[in-house]
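Worksheet: the structure to be examined is printed underneath.
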Amino acid sequence: MLPFTREMHRFSPIVEFLLSKRQIFLHYSQFKSRFDLIHRSFHVSRALEDNFRRSNGIGLVCLEKSHNDRTKNSKYDEFASDVEKSYRILRKFHSRVPKLELALNESGVELRPGLIERVLNRCGDAGNLGYRFFVWAAKQPRYCHSIEVYKSMVKILSKMRQFGAVWGLIEEMRKENPQLIEPELFVVLVQRFASADMVKKAIEVLDEMPKFGFEPDEYVFGCLLDALCKHGSVKDAAKLFEDMRMRFPVNLRYFTSLLYGWCRVGKMMEAKYVLVQMNEAGFEPDIVDYTNLLSGYANAGKMADAYDLLRDMRRRGFEPNANCYTVLIQALCKVDRMEEAMKVFVEMERYECEADVVTYTALVSGFCKWGKIDKCYIVLDDMIKKGLMPSELTYMHIMVAHEKKESFEECLELMEKMRQIEYHPDIGIYNVVIRLACKLGEVKEAVRLWNEMEENGLSPGVDTFVIMINGLASQGCLLEASDHFKEMVTRGLFSVSQYGTLKLLLNTVLKDKKLEMAKDVWSCITSKGACELNVLSWTIWIHALFSKGYEKEACSYCIEMIEMDFMPQPDTFAKLMKGLKKLYNREFAGEITEKVRNMAAEREMSFKMYKRRGVQDLTEKAKSKQDREGKKKQRSR
């Protein structure tokens, strides 16, 4: 165990206050919260990645000074008007390209360095809006895309998983602007493939580079290893490392990436083997490697090994830095060992190692998880007094803790405190507060916050739309919920992952006997071409209609579905046949049966087996529903 000091006068006021109040160390099991989800990262939550830079190109993160774009960026006022003007035009006309281009041509927007990136960023998750603007800008006289614009577009298309379009874009660059192609462009692509868990495609980038005039070098290969390790594909990275040792001479960076990858997934034996390989290759571990090992031990619950390693570092001449202590504090906070986390914080100050934003954020998260929000504010005030600007994640921990306690006014007060130190709430903060407002029935406040968010130049993403739609629907504001859903579709944000929201909205609207409104929502999806409709989407729509008593409409849409070459799921067919039998509607039943029989024959399926499977599925679902209702009644007694 570390030799923790008892002398309190040497430490910060926050340490003195917290450690002098023994009553704050309550039994950890009394408190459960969602913050376990936030601590999955070894060094910091992914929510902080945008605010940190990579050290030596590996997985460890280091804090950069925070600068609020609106107050520190001298170009903000210069760009703001044109960015908003372009964004509003894109929202209004993006599905009608001729009108869109005409509106942009007549907008008076002057293309200049930096503006395109700002507009692309303003489009947020609506990548198709950004792509429309990118295409229009390329057609303008006396303008040529810069490498930064191309890189931004590659990131946007990759985030949408439009990798074919990405390669097409790079091919276009090769033909029209070959001088702009640089290795960093392929690094961006490698990172996106890795984040999408497309390991083979990420590796294939190395083979594609020569076609564009570049041979992969040690830097690009190192970025590939780093990306694979960062996103959990460390086994593939280790195999690739062995396969490529003759092609790319080993260096410390490669070993550090592998070490981070194994520690990240808790494979400490493999991590130790990397140390052996490192030593055999003539490299000594540095402070970053030691920090990765500390993180691995701590997150595996092996705190004794972590403390031993900390002492060993000092013996070897490596004085632990803020990152070293922070990974220990994060791991302790994660398992509710807050008293021990505070002792590590004390030890940190005893060795005159200054805590950074990540350290303070770890303490904030722990106290929030522990249910002591008042202590979070003490930590927050202390870090601000020391000149440290809290990060988005720092505020997010406190905001979510308030949400859990349904303290809406406290959320608004915290947002105001953020503004007072010139720190404007981001999308994540707005998501939490809007969700709580809807939950508490404060619909007007939710709408006000939404409008405020857009006025501040923030683009609602998929999560924000889903929160708003679900919240409005739960409060009976069905027209507003439907309007927001259609707006989400219009902005190109609707995809298969939002089918749950579609199902909830359709069922809620139909339950309220608003058939035309439900049809309008469905029509919006089909007419806008927002998402390639599949069997699941049709099933959601048909089941919603049928379950709410609209049998005729359900059958009509089923026939339309079949005509689009989608075969109904067996239980859908069985449900329709059962309903039509009760209604004595033999005409509809015969038409649907004949069409499905033909589809089964085309697919070389047994129609009898198909029918039997449908009846079985329907029976099992009915039984499952009865069991749930029975258990619910028992609990209510």
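A Cβ is built for glycine as well, from the same backbone N, Cα and C atoms used for every other residue.
Per Swiss-Prot, these features apply:
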- 146-180: repeat 'PPR 1' (REPEAT)
- 182-216: repeat 'PPR 2' (REPEAT)
- 217-247: repeat 'PPR 3' (REPEAT)
- 251-285: repeat 'PPR 4' (REPEAT)
- 286-320: repeat 'PPR 5' (REPEAT)
- 321-355: repeat 'PPR 6' (REPEAT)
- 356-390: repeat 'PPR 7' (REPEAT)
- 391-425: repeat 'PPR 8' (REPEAT)
- 426-460: repeat 'PPR 9' (REPEAT)
- 461-495: repeat 'PPR 10' (REPEAT)
- 498-532: repeat 'PPR 11' (REPEAT)
- 534-568: repeat 'PPR 12' (REPEAT)
- 616-637: region 'Disordered' (REGION)
- 616-630: compositional bias 'Basic and acidic residues' (COMPBIAS)
Helix, strand and coil residue totals from DSSP for the repeat 'PPR 4' (251-285) stand at 26 helix, 0 strand, 9 coil
DSSP puts the residues of the repeat 'PPR 11' (498-532) at 28 helix, 0 strand, 7 coil
Tertiary contacts of the repeat 'PPR 10' (461-495), defined by C-beta under 8 angstroms and 6+ residue spacing from its ends, are 91, 94-95, 124-129, 427, 430-431, 434-435, 437-439, 441, 443, 446-447, 450, 453, 501-502, 504-505, 508-509, 512, 514, 517, 520-521, 524-525, 528, 530-531
